[in-house]
Amino acid sequence: MSTMSAETQPHRDEKSPEMGTVARDGLVGVQSPTEDRTGLADLDGIKRNWTLRSLIVIWISAGLMAFVIVLNNQSSSTFTAYAASGFSSAPLVGTIAVVQAVIASACLQPLARFADLYGRLEMFLFCILLTTIGLIMLSSSASLGVYAGAQVFWVFGLEGITLMLQIFAGDSSDLHNRAIMNAIPYAPSFITAWIAGPFAASVLKISWRWGFGIFAILIPIIGIPLALALFHSKRKATKQQKSQGTYKPRNHLTNIKKLDLIGLILFAAGLSLLLVPITLAARTANTWKAGHIIAMIVIGCVCLIAFVVWEIMWAPWPMMSMRLLKSRTVIFGIAASLIDYTALYLLQDYIVSYELVAAQLSTKAATNIAILIPFAAVPGQFASAFLVKYTKRYKWVTVSGYALNLLGLGLSYKYINGHDHLGALVVSQLILGFGEGIINTMQLGMQAAVNQDDMAAVTALSTASIGVGSAIGGAVAGGVWTAILPRRLREYLPSDALADLAEIEGSIEVAAGYPWGSPTRNAINHSYTSTFRLMLLIALILEVFALGSALLIQDLNVKTVDDSREYKGIVIGKTGAIDTLKGKIHVKRDEDAGNGVVPAEQATRET
């Protein structure tokens, strides 16, 4: 990425308050004197060698990769449920989901640093390798232990590929256009939201193992064009560096130390040991008094405290750069994202259970409602991206997304009351999805508040906060559902049905099997509804705090920040990638009309 000269660094100016705010954060244009920029220097050279054609090839390849990754993500939960059931461990699906989210959160910062130290190509190939290994292990696992171990490789690699696509969006665009480019990796959800279910169903006719095996084949193959395009640009840049005498060999031992593996282990272990017991406690005879539950929580807290102490006092290269955390936008952006996704994932895992039992929906209808959020998020992302592009501001666009989320949750709480509310449920899910799409502009705000050289790190921090929020939300949801639902059933079930309480609680099929309108079914519906409404209330309260955090971020003018930055090579926006394309099209038209060749500069001016 670009380094900023002293002349281009923003400074406080009474006529430009937003740039004064950036300067007060001490982030834009500030670089740690001890930072090794070998990978970033390579990126500067690579971007200088980008051509319009290579940029188009890279983005088409990235779009195909995004489609496969999103489809893998959306269908994997179905395969996981069948895999756990096959290992006679169906109740552990929620625990597996929490561990997945924790791994995803913990790996992002080291991966972002890996990308800066070694390069985008190396990160991409490394993550493709991890993903493929994980998928092969998942498809061939003979026990839950092997399956759980495979999750580490798979999630680590999959999150890395997703992060790489987001980082590439930042590498190849200026801030003015970045929200649009950030939305592209998520665009496949508009299609995959509707085909993931039928795809999973057709694959399950063969085996859940084939559900992972097919992606072990697809992901490496789809990754070849993108890897080749990145390799071509990198090879040209390396040749130029060697000819100019600016090439620097990497110190691999030092780079490994800079990944802060100790911090990674402490963070992942602490978060896992703190959250997993929440999903397990309600299934334990003595709940929170069980020795292994207490031990896990205590060790988890100790690990998280040790992580903070290590990062602040002893880590030579902290996993989370302290200078990033000096920005108000970064701090409150992390808080808003974390709280919002905690609220969202409080409901995500159990809304289908509620719909199948208390709302008496078919499996197809319940699944269609569950995918409304990722479906509606895509138009929300693009609408907000174009708003930011033309208003040059992101704060109030982002805040409106949190406000829509609050409205969606409020409608859900008001109308989910055990009566006919299907229409309200659909509308609330669409509003929630559109709002979730809009708040992705928060990432743009965080990127605008820091130096362009810190773009990968702050992108990883933004994504990690989402992962931590989803892990917390999933864990709390599992704890609330498994603790409250049995109490409600015990309270509302007729005395003659109490003997079947365990079966009713443990199986959606059993609960939905009682005749509609019977006293037992009415009691079950009431229990499901009251439990889900409690989770909705918690989510609603959390979303208020998410909105409050969003209100505290800065409202930087992205065009003004762009003007202070030096972008090297062709990027979409400031250095004229779009204008170059327009110029070439204009030249071609003139040639076809027999008017001769017009210089590209003139063609660009005419467009």
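Using the three backbone atoms N, Cα and C, a Cβ is placed for every residue, glycine included.
Annotations in TrEMBL come from automatic prediction, not curation.
Feature annotations, courtesy of TrEMBL:
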REGION    1-33  region 'Disordered'
TRANSMEM  50-71  transmembrane segment
TRANSMEM  123-146  transmembrane segment
TRANSMEM  152-171  transmembrane segment
TRANSMEM  183-204  transmembrane segment
TRANSMEM  210-231  transmembrane segment
TRANSMEM  259-281  transmembrane segment
TRANSMEM  293-317  transmembrane segment
TRANSMEM  329-347  transmembrane segment
TRANSMEM  367-387  transmembrane segment
TRANSMEM  422-439  transmembrane segment
TRANSMEM  460-484  transmembrane segment
TRANSMEM  534-553  transmembrane segment
| query | Taking the transmembrane segment (460-484) as the reference, which of 152-171, 259-281, 422-439, 534-553 gives the largest number of Cβ pairs under 8 angstroms? | reply | 259-281
| request: Answer with yes or no whether the transmembrane segment (293-317) touches the transmembrane segment (422-439) by the criterion of at least three Cβ pairs under 8 A, sequence separation 6 or more. | output: no
| query | Counting only pairs at least 6 apart in sequence, do the transmembrane segment (183-204) and the transmembrane segment (293-317) share 3+ Cβ pairs under 8 Å? | reply | no
| said: Quick test of the contact rule: Cβ under 8 Å, at least six residues beyond the ends. What residues does that give for the transmembrane segment (210-231)? | reply: 46, 54, 57-58, 60-62, 64-65, 68-69, 72, 75-76, 78-79, 120-121, 124-125, 128, 131-132, 135-136, 138-139, 154, 161, 200, 203-204
| Surrounding residues of the transmembrane segment (534-553) on its own chain - C-beta under 8 Å, 6+ positions past either end | 328-329, 332-333, 335-337, 339-340, 342-344, 346-347, 350, 395, 398-399, 402-403, 405-406, 409-410, 412-413, 416, 439, 442, 445, 476-477, 480-481, 484
